[in-house]
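Written out below as structure tokens is the structure these notes cover.
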Amino acid sequence: MERGNQTEVGNFLLLGFAEDSDMQLLLHGLFLSMYLVTIIGNLLIILTISSDSHLHTPMYFFLSNLSFADICFTSTTVPKMLVNIQTQSKMITFAGCLTQIFFFIAFGCLDNLLLTMTAYDRFVAICYPLHYTVIMNPRLCGLLVLGSWCISVMGSLLETLTILRLSFCTNMEIPHFFCDPSEVLKLACSDTFINNIVMYFVTIVLGVFPLCGILFSYSQIFSSVLRVSARGQHKAFSTCGSHLSVVSLFYGTGLGVYLSSAVTPPSRTSLAASVMYTMVTPMLNPFIYSLRNKDMKGSLGRLLLRATSLKEGTIAKLS
């Protein structure tokens, strides 16, 4: 088999979805709508939290960072896919593919860590309510988020740099709509043992460990909640319900993607699972957090009311 290194190859082909032009047009409209809803929804969450001083608490600080990470995570893959569908092109350069891999891993890991920080915040609030303001002080929250960013970037950089040492075969077709790291490794002609070790290491440290932290936090929360009154239980579960829904959606779809790709060759099923993971989950997060949260709904309503009043005032002045 002919061999070539990454500088000689230059381009990958993202096979993506259906070849039928009518189906491509339908998918373009669907994915563009989902992307816009994701961006607008998460931006509204960020603006709502930043504009309301009552929401300047650790929980909403982590939530605003999570919304920003979701915007970046979706923007890593979806715009390129939309451009490829629009232009009927499947090509992505090697540099573009590496860039996509780097940001995909970085923001995916950041999502993991921020979900863990939010679970820890709920754990402290419910299990140690009298010490909550002392433990979850602004300095600690800032350090936790900064540390999450640094760890995510370093883990992503480590995994991305190991791909640079690989040589690739002449078959440069990726059976996906973005540069999935595991699919890129399958195209390599050179030994990928080190790459697989690094990938498993990053997955365990930045995926499995955070999930274990979330499970531990909620085991402690449930243990504490069972000892309080029914009213206290309802309040605790309503507080944690949104976060649990997001965690279940994020890890459930993520696990579905990699189990389906590991058990069977890439198919429409695995592509659908990837769409759930990369697009549907970030799109639904703002709805889950806002619809189940009275404070968020109230603040969002006031924000939209101020925006409407400002618009009407501007129109009145111009007329």
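The backbone N, Cα and C atoms fix where each Cβ goes, glycine too.
The topological domain 'Extracellular' feature in Swiss-Prot is assigned to 1-25 (among others); the stated evidence is sequence analysis.
Swiss-Prot lists N5 with the feature N-linked glycosylation site.
Per Swiss-Prot, the feature transmembrane segment maps to 26-46 (among others); the stated evidence is sequence analysis.
If you look up Swiss-Prot, you'll see 47-54 (among others) marked as topological domain 'Cytoplasmic'. Under DSSP, residues within the topological domain 'Cytoplasmic' (47-54) fall into helix, strand and coil as 7 helix, 0 strand, 1 coil.
Sequence annotations record features per position, and here Swiss-Prot assigns transmembrane segment to 55-75 (among others).
If you look up Swiss-Prot, you'll see 76-99 (among others) marked as topological domain 'Extracellular'. For the topological domain 'Extracellular' (76-99), the residues of the chain that approach it from at least six positions outside its boundaries are 6-7, 9-17, 24, 27-28, 31-32, 34-35, 107, 160, 163-164, 177-179, 184, 278-279, judged by C-beta separation under 8 angstroms.
Counted within 10 Å of its Cβ, the other Cβ atoms near C97 (disulfide bond) come to 22, all protein chains included. Sequence annotations record features per position, and here Swiss-Prot assigns disulfide bond to C97-C189 based on sequence analysis.
Annotation comment: Swiss-Prot describes 100-120 (among others) as transmembrane segment. Tertiary neighbourhood of the transmembrane segment (100-120): same-chain residues 59, 62-63, 65-66, 69-70, 72-73, 76-77, 80, 92, 141, 144-145, 148-149, 151-153, 155-157, 159-160, 163, 178-179, 181, 184, 202, 206-207, 210-211, 213-214, 217-218, 243, 246-247, 250, 254, selected by CB-CB distance under 8 Å and a gap of 6+ residues from either end.
Residues annotated as topological domain 'Cytoplasmic' in Swiss-Prot: 121-139 (among others). Sequence-remote contacts of a segment are chain residues at least 6 beyond its ends whose Cβ falls under 8 Å from one of its Cβ atoms, and for the topological domain 'Cytoplasmic' (121-139) they are 58-59, 62, 217-218, 220-221, 224-225, 236, 239-240, 243.
Per Swiss-Prot, the feature transmembrane segment maps to 140-160 (among others); the stated evidence is sequence analysis.
The feature topological domain 'Extracellular' is assigned by Swiss-Prot to 161-197 (among others), with sequence analysis given as support.
What Swiss-Prot lists as transmembrane segment is 198-217 (among others), and the listing cites sequence analysis.
For the topological domain 'Cytoplasmic' (218-236), the DSSP-based tally of helix, strand and coil residues reads 15 helix, 0 strand, 4 coil. Swiss-Prot lists 218-236 (among others) with the feature topological domain 'Cytoplasmic'.
If you look up Swiss-Prot, you'll see 237-257 (among others) marked as transmembrane segment.
Feature annotation from Swiss-Prot assigns topological domain 'Extracellular' to 258-270 (among others).
Residues of the same chain lying 6 or more positions beyond the ends of the transmembrane segment (271-291) and with a Cβ under 8 Å from any Cβ of it are 17, 31, 34-35, 37-38, 41-42, 44-45, 48, 63, 66-67, 70-71, 73-74, 77-78, 176-178, 180, 242, 245-246, 249-250, 253-254, 256-257, 260, 297, 300. The feature transmembrane segment is assigned by Swiss-Prot to 271-291 (among others), with sequence analysis given as support.
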Helix-strand-coil residue split for the topological domain 'Extracellular' (161-197), DSSP-based: 14 helix, 6 strand, 17 coil
Residue numbers, six or more beyond the limits of the transmembrane segment (26-46), whose CB comes under 8 Å of its CB atoms: 17-18, 63-64, 67-68, 70-71, 74-75, 78-79, 81-82, 85-86, 279-280, 282-283, 285-287, 289-290, 296, 300, 303
Helix-strand-coil residue split for the topological domain 'Cytoplasmic' (121-139), DSSP-based: 16 helix, 0 strand, 3 coil
Contact set, same chain, for the topological domain 'Cytoplasmic' (47-54): CB under 8 Å, 6 or more residues outside the stretch: 60-61, 63-64, 290, 295-296, 299-300, 302-303
Helix-strand-coil residue split for the topological domain 'Extracellular' (76-99), DSSP-based: 18 helix, 3 strand, 3 coil
